[in-house]
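What TrEMBL records for 3-189 is domain 'Formyl transferase N-terminal'. Taken from TrEMBL, the feature N(1)-(5-phospho-beta-D-ribosyl)glycinamide binding site covers Gly12, Thr13, Asn14. Per TrEMBL, the feature (6R)-10-formyltetrahydrofolate binding site maps to Asn108. Taken from TrEMBL, the feature active site, proton donor covers His110. For Asp151, the entry in TrEMBL reads site 'Raises pKa of active site His'.
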Amino acid sequence: MLNIAVLVSGGGTNLQALIDAQHRGEISGGKITLVLSGKADAFALHRAEKAGIPTEVLLRKSFSAQEEYDRSLLEILSRYEIDLVVLAGFMTIISNHVVRHYENKIINVHPALIPSFCGEGFYGLKVHEAALEKGVKVTGATVHFVNEVCDGGPIILQKAVEVLPGDTPEILQRRVMEQAEWKLLPKAVSLFCEGRIKVADGRATIKED
Ligand code: GAR
């Protein structure tokens with residue numbers, strides 16, 4: 001059974017999707033054993049507490065140097081014997097040092113079809129604002145491994161979602177979450193825990209049952 005840490009900063013709806021999938025028995029090879037928040041008042045912390053999952057709060061601003069923050073993050077992850085790190089709306093940048101410690105063991109959900117609307121500055125509602133600004137007719141979500149390039153790691157799963165006339169960033173964000181993110185993230189975590197994701201030449205492939 002793999003130990004899963006979910007890193008959050010906000011509302012935690014993706015965390016909730018993972019908790020619900022776990023309760024339905026859909027993540028058979030792993031268990032969420034830690035929720036770590038980058039913000040002290042993240043609503044996601046309440047979701048974790050309600051589900052009986054241990055929580056930690058780690059603020060980037062509490063550390064002057066990146067190395068000190070990294071050391072503290074790695075110490076927490078190793079104390080909980082974490083095998084898989086899931087970034088579910090985590091808004092603190094993960095350094096290359098940490099990425100190297102957990103190579104192809106950090107999964108991120110991004111609310112667009114990478115390589116569209118991704119990279120530095122594209123997070124949360126900003127992604128949907130940019131999609132609407134461009135006038136794309138289809139957007140979606142991507143779950144990928146985290147590597148040293150922002151939103152550039154091997155893509156595990158993607159799902160397209162329609163953009164509809166009259167959409168606001170908030171309406172589009174909600175549709176992308178409901179139709180894509182909340183399904184893709186638990187699925188990718190489950191596949192990982194079953195050892196069914198292989199990475200070669202910078203690309204991820206899923207092994208059939
Ligand atoms: C989600 O839409 C997630 O894809 C996005 O932040 C939101 C968090 O919502 N992440 C990024 O933009 C990362 N670049 P949640 O806290 O309700 O899960």
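Glycine is treated like the rest: Cβ placed from N, Cα and C.
Sequence-distant contacts (6 or more apart, same chain, Cβ under 8 Å) of Asp151 (site 'Raises pKa of active site His') comprise Asn108, His110, Ile114, Pro115, Cys118, Gly119, Phe122, His144. Remark: of the binding-site residues Thr13, Asn108, the most isolated position is Thr13 (fewest other Cβ atoms within 10 Å of its Cβ). Of all Cβ atoms in the protein chains displayed, 24 besides its own lie within 10 Å of the Cβ of His110 (active site, proton donor). Secondary structure from DSSP puts Asp151 (site 'Raises pKa of active site His') in coil. A strand conformation is recorded for the residue listed as 'active site, proton donor' in the three-state DSSP classification. Summary of the N(1)-(5-phospho-beta-D-ribosyl)glycinamide site environment: with the site residues Gly12, Thr13, Asn14 set aside, the chain residues having Cβ atoms within 8 Å of the Cβ mean position are Val8, Gly10, Gly11, Leu15, Gln16, Ala17, Ala44, Arg47, Ala88, Gly89, Met177, Trp182.
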